[in-house]
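TrEMBL annotations:
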- 50-388: domain 'UDP-N-acetylglucosamine 2-epimerase' (DOMAIN)
- Arg491, Thr503, Asp531, Glu580, His583, Glu602: N-acyl-D-mannosamine binding site (BINDING)
- Asp531: active site (ACT_SITE)
- His583, Cys593, Cys595, Cys600: Zn(2+) binding site (BINDING)
Amino acid sequence: MQRSREKLEREKMEEQNQCKKKLRVCVATCNRADYSKLAPIMFGIKSHPEEFELEVVVLGSHLIDDYGNTFRMIEQDDFDIGSKLHTIVRGEDEAAMVESVGLALVKLPDVLQRLRPDILVVHGDRFDALALATAAALMNIRILHLEGGEVSGTIDDSIRHAISKLAHYHACCTRRAEQHLIAMCEDHSRILLAGCPSYDKLLSPHHRDDHMDIIKSWLGDKVQERDYIVALQHPVTTDIQHSIKIYGLMLDALLSFNKRTLILFPNIDAGSKEMVRVMRKKGIEQHPNFRAVKHIPFEQFIQLVCHAGCMIGNSSCGVREAGAFGTPVINLGTRQTGRETGENVLHVRDADTHNKIYHALELQFGKRYPCSKIYGDGNAVPRILKFLRTIDLDEPLQKTFCFPPVKDSISQDIDHILETQSALAVDLGGTNLRVAIVCMRGKILKKYTQPNPKTFEARMHLILKMCTDAMRDAVCLNCRILGVGVSTGGRVNPQEGVVLHSTKLIQEWCSVDLRTPISDALQLPVWVDNDGNCAALAERKFGHGKGVENFVTVITGTGIGGGIIHHNELVHGSTFCAAELGHIMVSLEGPECSCGSHGCIEAYASGLALQREAKRLHDEDLLKVEGMDMKLSEPVTAAHLISAARMGNSKADAVLNKASTALGVGIINILHIVNPSHVILSGVLASFYQAPVQRIISERALFSAQSIKVVTSELEEPALLGAASMVLDYATRRTY
């Protein structure tokens, strides 16, 4: 009975094994480079027909004659190609790369639906591989990604990480790449540290007896081992023109170095056509020292790299596979920035002339370095096959990410929200240029002041420098800058951010576009307006105008300006000339104004007008009174005039009375036109003018306007706060 029971169990196990489904693995290869990594895995899968069923899909540059029709080497390796997809749109520029991805996405669904693989194996960081991963992910096909987590330059870096996020499983090459994948929140249990599959061939005995035959077949009979150069350089798609320049410099250096050189054509990336033109323009294909080829079978290519005196270019082969042989490598440009490399690699990241590259050739050519095993120990394929066996097709397909723990926020602080949302405010004055970081509550967190340069170029340079410094400091202050507001003198078109023409205080400042250069430099939205309008906006948001529907702000400083808020909106006028309050005429025969007219408020009541009158009285020896402290070397200002009037100087008092009357009459004209509920006086003379203006309104205005209240601004920096308010109103979605 025992023997009978054991027999039944054996038969049952055999039946289960026979019913066990083979894992249907689809390997997709796009170019000669990725096939060198995928081929060892394909051979490994093919050698276990009882466990795996292999499907091969070929696309990309494999099928293009200009790149060697490299699909033939797959057929020569005795693999049955299930599908050949012509997916490359010729043009070798950025648009062609995008169109190629789109074409692949159009063709792949039919193939994947027909093959129905359990898992799709994709390699690396090419745009073709991105199309494969996208199609498979959308069709609920599991993806195994090779060489994820690595870092390099160009758009390939972004593509590699994008594929990693689409992939369900990862076979990476280095410990650092594994850590990068974990940092990208990939599930640790689905990451295999395998090493590079191509190293399984590279680290097997690589000194083939026929290596000299291979060298001579490609480079000629007279070439000796370690006395030739292998050159392979591809475009850098994120900086095509610079990579073409370095390619030309490399060719110049190789021509000068005068060694036999095997040069491979660049890959199909954007910019490759231009690189080929450079090569042909320099006559490389006809030069006796060069052999230019489109493709070399991988097993022969690694023999050529193994026995070369030097390898030069920016191919990943230089920083990866060449290390297995200790071949000296010169890596040019930024395409492999961030790659892990052995001591055999000498970087030339930038070069203005070919001399730097020539010197690198002198340093590297003919050297030998220890074998590097950074990218593998020669056992990647057995690890990957074992990993494939462990994949459970019954587990959920949906990816889960392992995010690091984050402390839950159980409450929020409104003060923190208000303080961190901030604006960059710029006040372009006649004397000083000021920049400030202003938070939502109107608090100036940090202020910068510099003398305003006289020339346009110097002024723009200083504005951008101060704004950049403030942006850097804002990070330390925990401020999120929402935009930039600019307050400036003169007439401004706020819709376009252009100063149409400015005051005499700021020379060479007409038809100046302030918005574009600041926005381009800081990558932030920018608002520009007249300083008087900004003062009104500051009052509306932070001052006496808060919650007031109609009010007027009058700035009494060096000049006279202001802004009008009507129905909660700033009045600009049809030609942006509204609220030029300083140029309301109160007399037909008054003193000359800076605008060229006569009898303007500014000609009577501005700081410059009062200073002019004070100097006149001083010159006539009529200003100083007993008890008045005035140093001989001290310049005469409006403050001296006010001080003299308060101490009983009738001449000074008469001047101030005339100035107050002119200002009061001008404000009455405003009251009779727009009928605001408040008049807010701002600027250094505001406190002096407040009482006289209120009195003149009560005496001379229409009865219905006599009760309108005149108040003095309590804001210390109205120009900066007004500039900031343009940004902060935008941030809270208020219409401006």
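In case you wondered, yes, glycine gets a Cβ from its N, Cα and C as well.
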One should report the C-alpha separation between Cys600 (Zn(2+) binding site) and Asp531 (N-acyl-D-mannosamine binding site), rounded to whole angstrom, as 19
Nonlocal residues around Asp531 (N-acyl-D-mannosamine binding site), in sequence order (Cβ under 8 Å, 6 or more apart): Asp427, Gly429, Ser487, Thr488, Gly489, Ile555, Gly561, Ala719, Gly722
Using a 10 Å cut-off, grab the number of neighbouring Cβ atoms around the Cβ of Cys595 (Zn(2+) binding site), all chains included. 15
Residues sitting within 8 A of the centre of the His583, Cys593, Cys595, Cys600 CB atoms (Zn(2+) site), not counting those, run Gly582, Met585, Ser594, Gly596, Ser597, Ile601, Glu602, Ala603
Would you mind sorting out which of Arg491, Glu580, His583 (the binding-site residues) have a C-alpha within 10 A of the one on Cys595 (Zn(2+) binding site)? His583
Candidates Glu580, Glu602 (binding-site residues); min other-Cβ count within 10 Å returns Glu580
In sequence order, what residues of the same chain, 6+ apart, have a Cβ less than 8 Å from the Cβ of Cys593 (Zn(2+) binding site)? His583, Gly599, Cys600, Glu602, Ala603
Enter the number of other CB atoms within 10 angstroms of the CB of Arg491 (N-acyl-D-mannosamine binding site). 18
Least surrounded among the binding-site residues, given as His583, Cys600, when other CB atoms within 10 Å are counted: His583
